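Positions annotated as domain 'TRNA-binding' by TrEMBL: B:40-154. Per TrEMBL, domain 'B5' is recorded for B:409-484. The Mg(2+) binding site annotation in TrEMBL covers B:462, B:468, B:471, B:472. What TrEMBL lists as domain 'FDX-ACB' is B:715-808.
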Ligand SMILES: [Zn+2]
């Protein structure tokens, strides 16, 4: 009987080794291990064995069963893996073909610049104020120390609607409005971005509509060195830590003293090149200490309060930072231009 | 203001400082120097020669054969200039010399005759044509008789001079003169100013008042008028040095009298005017406002009609000059003028500005009066001119001046304390440093320790208050020496407001949805301003806001819709073969119902979008998907969804829109915008293909929007879905049916979605089938089948009775 069992084991393992499909393996299981299978029929003859022999043969029979089962399962796994492999092979695709496109939109470059500047000043404790684009002569000029017939009004050619209403020529009226909102008592820091308009012929460097960001800080004991430090911080964040700034005296009716700020030229590192017209510096913004008349008109006592203000043009910043060479480009909205600054 | 470096040297010792270095220093101290240019671009190797003889060329009518003595030798030169003559002193380029523009002079034969050099015109020496005196414009330049033969022309013609171009802003009227610039440069360099002489030898026997009296009618506009009288003047060219300086300053020399008034204008910043006394035809000067409609022919031979705002100089009856702007042709100094009536006056800037605006005449004189001249220099300038007329026109200056004078010539007094200046600047300037700065500026002052009382010279009209003095101190001290500090005062948190935050989120949503942001102009033309207004804007009967003085008809009106200009950008791109476009813009429209604007228009924030071409770029493994109504609508639905706002769409017929493919958008039963296809006729006009647009009032959306949504429990009980398809009349609106389902199913029906539309075979004529998916949910318990069934039946009954619809099985 031992010989019989051994013969079954050898034969079964040989057959399992030869098989190449799962169906035949199921047949083999039935042939050897099934209720009518050869191992079962051999074991049916166990009754004829002596009491001593029975456990010995039983153990051998169990070993044979285990050997066949293990071999069957191992073979099934091999065959299943092979089948899956074959299926994956059949499913393969050309991964070098393009993906399904996602529609990509994006911000206008000027929006990106404005938001970058907004975030930078928010970080320094500034709030953002907005105001109307159609302004009164009072807020656009008079409240800013530019009475009617002031010579400096010639500096700005204005689109008038009526004698008293106009398209704002700068975002400064928002400053005048904010000072009145805070009633001459509350210290504040604000910036005001927005669209402004000038009576200019559109060309590579002029646009009748453009954007501006101005800032204003009013408090007790505001110093001109605070303006210098603030603008320096701004310039380094906006244009790079290696930039330096230069302040020059200038003139604006709403500030005294007034400054013009240059940053060192990125192209030539201050050596002088065509971009900076050989000076090593590029003019970037204007500002100054708020004129006492402006404070006083808004209800802030210039003996107690002082302030600084500054203003800049995002178009100019974009032109310098990204090398855009025609201001009209921002307003023609050529899709090939807009796409260049998706990520900006 | 053009400042000649050589001229400036007459007033300030410039030492070894180069024009470029000087420019840099002036810029850093507050007056921007926009450029430094040299009178001649390159210096020429040219000398003064004497034309010993001049004969006709034997073989050429238009050429002359000259023997020219250039000092060491005499050169035979063939010259084609029409004005060459024997006995002249001329500019000679010898063989080997290089002229500006790279011309090299060689020995040549001209029509068989040897020519050893060239007699030069001023143009050939590199001077700007527009400043060359007219008598030399078409020929060679002729030197005065005393010009030294053999010497280089460079210094003699001031060709080595550098000209600094100063951008003088409105506040620095003082820098509109050589003396003003001299004071500025002296303060920067710490040097002294050498003032010019005003020493006139008056002719004792007669006085100006014997010949002229001055009466000022418009005293408010003309506080000072001085009239000098100079007899026996000899009209001739002014001295060469004066002509050189004038040319460098951008003024073309005319004759000695005119040149002298211009020279003093540049030197003192005080405009003067010379009348021909013999043609003045009266012994009285009357300064008054012009009579409305009064006429004068000005120096440029134009007849000008005057208004009552303008100030005129008259001879008692007729105008002889527009005060401070331009003289009259009838009293102009000409070749035969013998007696000069010289005006030195102070005219108020505001009046001059108005006159300039109305006449369009802007001159060196008017621009100085506009900014304001120095009251203490008016009469001095007159005297200076008299001195020069005596010197260079052999004039006899009559004693005294006929004048009207109630001009305030007092100096302003400003007091400052050192500490206050330091507090404002953030500096630690000492008392003695401060005193030194005032000294350099040549401001006289009284000092009591840290307290200064400063007498501001009248030339510096810009300094009237403490803050002005702070700027003076800062700029002479040096802006570059100011420390870097950050604000020390009260701190506030910076943050976007809710509205600003939502605006940014709306932009992000639109960008995420695949649209590019644009910026178009707010100004548009008459046709566009009336197009594509959203119905709720149109309902307000807006009157387009128009500019009183537009630059062009194309940019005259403030937009009432963003779409017309946005569509133009689509056309712009289409014309450049960029055809698949999805654009949006967030910006204001300007709504007013006033024909004559008395108050600011309402500025409403609107979101516009325009789509055309393929929605999916480079479609791959899927069919080409063109933009359609539902793409546009999907974007709006997405936006409102994103903002948790419920919105409904209703079919609408709007101008310039496709009548079957347009819907108005309603939020809480108010129209807030529209979406649809633009009318094919409009599309054709704009060279656009099928194009879809939308516009939404963002202000109304922002006010409905809740920035802080309240928390809702996540449902704990399972939801039940039921699908239902109705056979409906084709005209029945799917959205209305959906609304009814919701109402009939309330409160158990949580949401209703349309998921299928079928039209075609197996359906009766004129019918369509629409499938809805209903989501039942009870927040408090698990729904029972009976409850859902009952609701379901109720819905079917309602839809059947409302729309005559039945369930498709
Ligand atoms: Zn550079």
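One-based numbering along the chain as shown.
Cβ coordinates come from backbone N, Cα and C, glycine included.
The average pLDDT for the domain 'TRNA-binding' (B:40-154) in the predicted structure is 85.
In the domain 'FDX-ACB' (B:715-808), helix, strand and coil residues by DSSP number 31 helix, 32 strand, 31 coil. Less than 8 angstroms from the CB of residue B:472 (Mg(2+) binding site) sit B:437, B:441, B:463, each of them six or more residues away in the same chain.
Taken residue by residue, the domain 'B5' (B:409-484) breaks down under DSSP into 33 helix, 17 strand, 26 coil.
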